[in-house]
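One structure is given below, encoded as structure tokens.
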């Protein structure tokens, strides 16, 4: 508006420039804090790139693991090419055996009655027939048109060699396909974590909590949960550690630290003096560059393979003063789990100070609970008064409606002056 008035020469341009400068000074300049890269993604994948690896030959020394780690399209290409190349290689060897023995000579195709020609492999007259015979030998099809004879010891040696090579290829490729289909992280797809974690008071202590569940009926045996805090730290000597991992304990009444994951559980970490979250308050949490990594390990009941599920929580995904809603109910003698409320939370009373301040001043927790109780009572009073007012309004509206339905009495006056009342 000021620029438009200046263009029309209604106000001087110097006044407009001073006005714009004053408005820019009043506006706070808020810069978003650069978001730190996650070390572990929400789906459990490691956000790590390996660069400048010079000793690439180490991967070939463990060829089986390399084949299992490949993508499916690469594995299928290698699976197909290994069989195809072995068939072509031994087809060339069978063709050379037949050529060296003279089976390719046209004169041996129709021998005279005096001499009877015995080839090394019957009906192998070209490379195509040698290729078909190579497939029949390695896959043990045996159509019956082509077969070995005892004329050539070299051909017997090639037959033995091809059988051994074919068995090795079958064992490696089939084992690779089986391991890819039965990988442990496939089972981890049905192990779920809550999208957000919470910090609330439990048993008089501030606790960091998250929920974990298993969607399958087959259980995870000897399941255990570990929590690690990953953050960038600096030592007193000035050394910068970009990924400093610190284990934090999990509150579990069982000494073995195993959990019975038959239904979704809330895993709790008590924020005490041993915890890296001990000095962090609610206002400091948003400014912290930390990541809490959760690792669930166990043995799959059906296959016996050890599986691992991972996730992480950054500062923006931790809700202070919230609690998970209950999702396990008893219906007709059966415990039912409502997974639609798996990650739902409710706001509860919790002190905004750090766990250190709460330990030094226990009265903060009592004051917080008293304020919560007073606010709860006030909300109940307001709710009751609103219900009372609504009921009074409804009763008044009903009375007005009933009064409007009453038929009024009308008096008719005759010309003689007498009055007659009738109802209409």
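Note: Cβ is positioned from N, Cα and C throughout, glycine not excepted.
Of the listed segments 351-374, 375-398, TrEMBL assigns region 'Disordered' to 375-398. Of all ranges given (32-53, 54-75, 76-97, 98-119), TrEMBL attaches the label transmembrane segment to 76-97. TrEMBL assigns the feature transmembrane segment to one of the listed ranges (4-28, 129-153, 154-178), namely 154-178.
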